[in-house]
Structures are given as structure tokens and as C-alpha cells.
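Before any comments, here is the structure.
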Amino acid sequence: MLKIGLVGCGAIASLITKALMSDRLNKAEVLAFYDGNLEKAEKLAMETGADFCKSLDELVSKDLDLIVECASVNAVEDTVIKSLNNDKDVIIMSVGAFADKDLFVKLYKLAEKLGKKIYVPSGAVAGIDAVKSGSLGKISEVSLTTTKPVHGLKSALEEQGLNTDEIKEPKIVFEGTVFDAISKFPQNINVSVVLSLASRYPAKVKIIADPNAVVNRHEILVKGSIGTIKTCVENNPCRDNPKTSALAAYSVIRLIKDLSEPVRIGT
């Protein structure tokens, strides 16, 4: 049995927990929760019969195998360091934090030193396995075009001074580097960092806000010595958190299952 603790108790954490509780194989179980909003953690713990932790230190000190971060980019550094130092592997959902190269190298070296693992799920895009394999050759171009409903980008756009009520047709709201993209859209474009890490090449990112869109659309283009990789995924937004896709949560659940099962399919 893989014993799991969750950091962050929002919509994604709830999806992960329910999926593992309904798994007939029952090879992984969430045993403890922590959230900066203690009421959220307590509520989810009461619903599942798991432990409610009042601090991250309390969570990582428990008898757990794996910590899953599904909180925010600001929670990543502390979560990873404390998890690794307490002999636990960790899954990072808020992979946008790794756009900070210095932080990525710091955590990479700590995991290497302690003999532990940091896992980054594929998230809401397809083809990451092919991109990882292709990165062993020479990559010459990586781009991501993401189209989302306006309401899914609302908070990030309004923070930049844009009036979302004035967007009446598809509008390019960002075009630039992966580093600038994750800085301006920290809750919306984690997939750009996953793509950049997998390809070992900084992705060019375009974000389109579409008032008529009902899905989150991610188009990937990778060119290199292996040829050309093109993928397009149209994801249903997470029902309780339209900033992200349901597939992002499912990719974490699939990763947890892979870690708990004897056979793993895919790169």
C-alpha cells in the first residue's frame, strides 16, 4: 500500500482522493491532509477519515511514502525540501515553480543527494513521452498554443489590468517565453513548463482567451532531429476549478497508480 499525504486541499485534491478511494485495487491511499487554509484540510479529512494536519511539518513527519503537492507555485519549494528531508518522494502539480532554473537545480541536487524522487506528471497535454524521447536527439523548436475560455483566465487577466467583459472574440492575451508565461499566468499554463522540462528546450508560448470556448485547448509543436511532433488536446475544464483541466488531475492519479503497480506502460 502506497501511503500518501496531500498538500493543498482544493478541487484537484478532492478529485485525487475520491479516485483513490474508489479504486478497487486499493494499492494507494491518502492518509493525511494539509492546507494553508486549515478549514479546507479539516473538511477533506473528515469526509475521508484521514488525518488533518495543522502544519506542513506535521504532515511530512507522518509515516507516509509520498507527498503530493497540489497547492500553488509558492508552496513548491517548502513542500519539496521538507518532504525530501523527511525521507519522502514528492509529486509536484504546480510545476510552474520550476521555471525558476535556480530552484529546479537546487531541488534536483537535494533529491539526488538524499536518494529520493521528485515526480512531475504530464498534466493536461499529450505527447510528453514522445517529447522526452526526442530530447535525446537535437531539438530545434518547441511551441505551445493554449486556448481557454475567458472565465478560466479571468483572475490572471484582471491582475494585468484587462477587462474580460470587453473580450468578445478570440484574443491573443500573451505571446512570449515560457518564463514570462508562467509569471503572468501561474495557475493556467503549468503545461508550458512540463513541455520545456521534457524537451530540455524553452517553449514559445501563445495564450488565447476565447469567449466562445468550452474546452481548454493545448497545441504542441516540437521539431528536431527525430522529426516533428504535433499534438492537440481539447480538455474539459475541471468542474470545480476552471483554471485547470480535469486531465491534469487524472495525470496525477495515473502517476500514483503507476507507482503502486508492478507494470508501467509508457516512457
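Just so it is clear, glycine is given a Cβ too, placed from its N, Cα and C backbone atoms.
The active site feature in Swiss-Prot is assigned to His218. Reduced to three states, the DSSP call for His218 (active site) is strand. All chains included, 26 other C-beta atoms sit within 10 angstroms of the C-beta of His218 (active site).
The Cβ of Asn190 (NAD(+) binding site) lies under 8 Å from the Cβ of Met93, Ser94, Val95, Gly96, Gly123, Ile182, Thr244, Ala248, each of these being in the same chain and 6 or more residues away along the sequence. The NAD(+) binding site feature in Swiss-Prot is assigned to Ala124, Asn190.
Of the recorded residues, Ala124 (NAD(+) binding site) and His218 (active site) place their C-alpha atoms 8 Å from one another.
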